[in-house]
Amino acid sequence: MLACRFRTWVLLLLVIFPSLFDPSFSHFDSAKKKQMREKVRKMFYHAYENYMSHAFPHDELKPLSRSFTDSLSELGNLKLEHLPQNYNGTALTLIESLSSLVILGNYTEFERAVLWLSENLTFDVDARVNLFECNIRVLGGLVSAHILATDSTNRLVQGSYKNQLLILAEDLGRRFLPAFDTPTGLPYAWINLKYGVMKNETTETSTSGCGSLILEMGALSRLTGDPRYESAALRALRKLWSMRSSLNLLGTTLDMETGEWIEHSSGIGAGVDSFYEYLFKAHILFGKEDFWRMFHSAYLAVQKYFRHGPWYHEADMRTGKATYWQLTSLQAFWPGLQVLVGDIAAANSSHREFVHVWKKFGVLPERYLLDHQMLHPTEKYYPLRPELAESTFYLYQATKDPWYIEVGETIVNSLNSYTKVEGGFASIRDVTTMQTEDHMHSFFLAETCKYLYLLFDDSFLVDRNYIFTTEGHPLPVLSAWHERLPEIYIPSNWTYVKNERQTKRSSAMSLQVCPALSLNAGHGEQLAESACHVPDDQSDHKCFSDEQCGVDSTSCRRRSCSMAGYCGLWLVI
């Protein structure tokens, strides 16, 4: 039986494979799960078929008018008659749907889509695109689909695939490289696919924009043997990390040319979210200890300065003082990431608050003001985002708690009740009125439907080791992609620790173990709320010095010894 004392990347394998948690599987109503799976399948094809009928080969569907938008580039702002003569869009939603088609078992449509893309898709167009979005959506979609196409278990016609998607991905990757040719190594946020960086291009970018490129570009380097893509993304990531404050916090926006911060307030939501996600997932995918060290420090800082009970507010990176008390829908990815870390209790706590807000409004509003317990006056929309479904999927895989199946059913019913229209699924403009908006983002097929489907039917993951990118594209965890681990991490007995004191004085994160199985098993202690928790030396919390005190499980702050001789979070006056 596998133990949770393996390295953190192995924890992922434990989390996503239901066969490792079968003892509780019998508690679920398999008929209900099949019923919900078929509901999600119908949702996917209702959206997909309307896109193919009314928007393909352009980027995204406008479901109310049954037309299209080329949203990936600024060309999306032009009228049809003003588009370049050779521009037919990037078939963005089709690319984003490729891995979902495989997960749903539709290999015939997947093969048809691959064939069309290989014969028709070109990136030699005069189009200014957002580097981050193009990377996670198009490059990530192509790289993931190439891997799936070369997987013999996916039943493609033998000989029909000759690396066409990888050839397209490499062509796109080469067009990204001029964006990284900067004094700091931080890339421009925008790049013209035909001409590179345009004159007078903006130098403002976000933490996510230049720090969330390593999975897709790293995978491209591993597949092609060309190190330039991974090297460019890694240089940018390391430069960004070097710009952190003394509190190990980063801001939200910066000038990539000067390396100076523009917005010092930060959180775990928009502009920063995937930066944290990619630090940890890059550690899983490539095995570099650098990624783990960066993530470990960043995660502890988030828990210390952003967390307030189950919520996460924003704070100034320089002082750690709270700036904005608000929930944003993008924050709902965080519980899913915490599951991979092993911080299940903290993940569940936050997830339940997001579910509460979802049930209150029927969907999850883009921004909710925690200090006033009210909607943001202008950001009241819901663009079919996937993050809550994603975290629900991970938490169900980790716990097998049937409550998460009920949450998934709630999400599915809400989407069908409020967002389904004759021409697809429409975004919500205002959650108070449920007024719809004429836009169906490609991530609805790439992520929202995918995570809901996997929640009810995870057969795709059986005997397979994957991580999912921030856009929901699966990448395999391969030993060939890993650096050789130092011998210190390859003991003959994974449960071996030098002495009992070391076990008690270390956190789950620092030991890279699962807190539920390592720090508490057999000691009669309660489950540590956070993976950063370090118990006090004495069970009665008595102490003679600060060294005998641990780290608080809720705030991740170090405890100190009071004059009375007890460990606690004492105020210093």
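Note: Cβ is positioned from N, Cα and C throughout, glycine not excepted.
Positions annotated as signal peptide by TrEMBL: 1-26.
Long-range C-beta contacts of E133 (active site, proton donor), restricted to its own chain and to partners at least six residues apart, with a cutoff below 8 Å, comprise L72. Look at TrEMBL and you will find E133 (among others) tagged as active site, proton donor.
Taken from TrEMBL, the feature active site applies to D273 (among others). Residue density at D273 (active site): 23 other Cβ atoms are found within 10 A of its Cβ, drawing on all protein chains shown.
Taken from TrEMBL, the feature active site, proton donor covers E366 (among others). Listed in sequence order, T328, S329, H376, E379, K380, Y381, Y382, P383 are the same-chain residues at least 6 apart in sequence whose CB falls under 8 Å from the CB of E366 (active site, proton donor).
As annotated by TrEMBL, active site applies to E387 (among others). Within the same chain, the residues at least 6 positions away from E387 (active site) whose Cβ sits under 8 Å from its Cβ are S329, L330, Q331, A332, F333, G336, listed in sequence order.
Counting Cβ atoms from all protein chains shown, T470 (Ca(2+) binding site) has 25 others lying within 10 Å of its own Cβ. What TrEMBL lists as Ca(2+) binding site is T470.
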Whole-number Å value for how far T470 (Ca(2+) binding site) lies from D273 (active site) (Cα to Cα): 9
